[in-house]
C-alpha cells in the first residue's frame with residue numbers, strides 16, 4: 001500500500017490564485033513520486049476544464065511529476081512556464097494526445113455466452129476423447145512392437161510413482177487402519193463385538209479405502225507432478241520439438257507414465273491393505289484380541305472377489321490419475337501461471353474422477369453380486 | 001509499502017545535466033572476483049561507468065558477461081571486491097539501505113521476465129505500488145505513460161504471453177523505468193529479435209539515454225547493436241578471466257592488436 005502522503009514533509013505544493021486573466025494554479029516544489037502524491041488528489045479536484053497552471057517554481061520533475069502534468073493537461077489545463085529542461089521531457093510524452101487503450105471487453109449476450117461455454121466444454125471432451133484414442137493407438141503400437149516402449153523411462157516412473165511413494169502410503173494407510181479400528185471399536189464394544197472390528201476394517205480397506213486412499217495420494221503426488229512436468233515442457237516448447245522430431249508425445253511421454261502408475265497403483269494398494277489391517281490389529285491387541293485372531297477374522301471375511309475387485313479399482317484409478325495428469329500437462333497454455341493451473345486442474349479432475357468411478361464400481365459390483 | 005522510498009539512491013538525473021552533461025561516477029566495480037563454487041569465472045575485474053554513458057559488455061559465449069552483470073546488480077555476491085552504485089556500496093548493503101540502492105536502478109532481463117499472471121500494465125505498476133506513495137489512479141497513469149515511452153500503450157491490458165518477443169523486451173524496459181532510475185541494466189536486449197525490432201530497441205535505448213540522461217549497461221554480443229548504441233565497450237574473455245580490451249567499438253574493431261578482439265569484431269575472420 002502507498003504510504004500516507006500526510007506523513008511526509010511538504011515537498012510540493014499547489015495554490016489557486018486569481019488574477020485579471022482568471023484563475024491560475026501555481027505548482028511548486030519537487031515533483032517526484034512523493035511530491036506528486038502530495039498534491040495530485042488536490043489537483044484532480046481543482047482542474048476541471050480550462051485553467052492556467054503556472055509551473056515556473058517546479059524544482060525537479062521525474063516520471064511521476066510528468067504524469068501529474070499530463071493529467072492536468074488532459075483535464076483541460078494549460079501548463080505555462082515549466083522550466084525548459086522539464087518541458088522537453090513533457091513534450092516527449094505528447095501530453096495533448098489522450099492515452100490509447102484497448103477497447104473494453106464487452107460480455108457477450110447470455111445465449112452467445114452459453115454457446116461459447118458449451119463449445120468450450122465440447123472442445124474439452126473432444127480433447128479427452130482424442131487423447132484416449134492416441135493413448136490406445138500408442139498401446140496397440142507397443143503391443144505389436146514392444147521395443148517401441150521406452151522401458152528405461154517406464155521403470156524410472158515406476159520407481160518415482162511406486163517405490164518413492166511407499167513411505168507416505170504406508171503411513172497414511174497405517175493411520176487409517178488405526179483410526180477405523182478405534183472409531184468402530186467404541187460402538188461395537190457396547191455389544192461385546194470388538195472381535196468383528198477386524199472384519200469391518202478388513203473389508204472396508206480391501207474393497208474401498210485402500211484403493212481410494214492410494215489413488216488420492218497418487219493424484220496429489222504423481223498426477224500433479226506429471227501435469228507440472230509436461231506442462232513446463234509445453235511452455236518451453238519441448239513438446240513442439242518432440243513433434244517436429246517425429247516423436248509422438250503420447251507414446252514418448254505419456255505411455256511410460258501411464259503404464260508405470262497403472263502397474264504401481266495395485267501394488268501400492270496391496271501394501272496399503274496389509275499395513276492398514278496391521279494398524280487395526282495393533283489397536284485390537286489393546287482390546288486383548290491377539291494378532292492371529294484378527295488375521296483369521298479378516299481372512300474369513302474378505303473373499304477373493306473382494307480382493308480382486310479392490311485391485312481392479314486400484315488399477316483403473318492408477319490409469320485414470322496418470323492419464324489425467326498427462327492430459328492436463330499437454331493442454332497447458334502459455335506462461336508460468338498456466339503450469340500452476342494445469343497442476344491444480346489435474347488434481348481436482350483426478351479426485352472427481354475417483355469419486356465418480358468409485359460410485360460406478362459400487363453399482364457394477366452390486367449387480368455382479370461381488 | 002509504508003516504507004516508501006522518496007529519494008532512491010540513483011534517481012532520474014536532472015534533465016538539465018542530461019542536456020549539458022556533467023558526468024560523474026554512476027557505477028564502480030572494484031577488483032571483483034566472480035566464482036561459482038571452485039569455478040572462478042572472472043578475477044579482479046575493475047571498471048567504472050559515468051552517468052549518461054552507454055557501456056556495452058561484450059564477449060564470446062561463456063566469457064562471464066551475464067555473470068558480471070549479476071554481480072553488479074547484486075543478484076550474486078562477489079567472492080571478493082566491491083560494487084558501488086552512485087557511490088553507495090551495494091555489496092555490503094543490507095535491509096533498507098540495500099532496498100534504497102536497488103530502487104535506484106532498473107534491470108531488463110534477457111527473457112523480459114515479466115510476471116505472466118499480470119497484465120503488462122500491472123507489471124509496470126508493481127514497483128510503483130511497492131516503492132511510491134502514489135494512489136492507484138496516479139500509479140496507473142504513470143505506468144501507462146512509461147508504456148507510451150516504449151510505444152506499447154495500446155498493449156497495456158495484454159498478458160505478456162500475448163506479446164511478441166520484442167514487445168516483451170520493451171515492456172520489460174518500461175517496468176525497469178517505472179521508478180525513474182538513473183541506471184538501466186539490459187541483458188541481451190537484442191537476442192532473438194529480428195533486425196528491424198532490434199534496431200527499434202537500439203533506437204529506444206539511445207533515445208532514453210539522450211532525452212532522460214540515463215546510464216545504460218548493456219550485455220550483448222550483437223555487433224550491429226554494439227556499433228549502434230555503445231559509447232564504450234568492454235570485452236571480456238574467458239582465457240584471461242577478465243577484461244581483454246575496452247574502448248569505442250569502432251576503435252576496437254579498427255585498431256585492436258589482440259587477435260581475439262579482431263576475431264570477435266570480424267565475426268571469426270582474422
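The backbone N, Cα and C atoms fix where each Cβ goes, and this holds for glycine too.
A TrEMBL annotation is a machine prediction, not a hand-curated record.
What TrEMBL says about this one:
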type: DOMAIN; residues: A:12-75; note: domain 'STAS'
type: TRANSMEM; residues: A:125-144; note: transmembrane segment
type: TRANSMEM; residues: A:165-186; note: transmembrane segment
type: TRANSMEM; residues: A:198-219; note: transmembrane segment
type: TRANSMEM; residues: A:258-287; note: transmembrane segment
type: TRANSMEM; residues: A:307-327; note: transmembrane segment
type: TRANSMEM; residues: A:347-368; note: transmembrane segment
Task: Residues of the domain 'STAS' (A:12-75) by DSSP state, where helix covers H, G and I - done: 26 helix, 29 strand, 9 coil
Task: Candidates A:125-144, A:165-186, A:258-287, A:307-327, A:347-368; stretch with most C-beta pairs under 8 Å toward the transmembrane segment (A:198-219) - done: A:258-287
Open item on the list: Quick check for me: are there 3+ Cβ pairs below 8 Å between the transmembrane segment (A:125-144) and the transmembrane segment (A:307-327), leaving out pairs under 6 residues apart?
Closed with: yes
- [ ] Please indicate, using numbers and ranges, the residues of the same chain that are 6 or more beyond the transmembrane segment (A:307-327) and have a C-beta under 8 Å from a C-beta there.
- [x] 127-128, 131-132, 135, 161, 206-208, 210-212, 214-215, 218-219, 222-227, 230, 253-254, 257-258, 260-266, 268-270, 273, 346, 349-350, 353-354, 357-358, 361, 365, 370
Task: Spatial neighbours of the transmembrane segment (A:347-368) far in sequence, C-beta under 8 Å, 6+ residues away - done: 208, 212, 215-216, 219-220, 223-224, 227, 309, 312-313, 316-317, 320-321, 324-325, 328
Task: Mean of pLDDT values spanning the domain 'STAS' (A:12-75) - done: 89
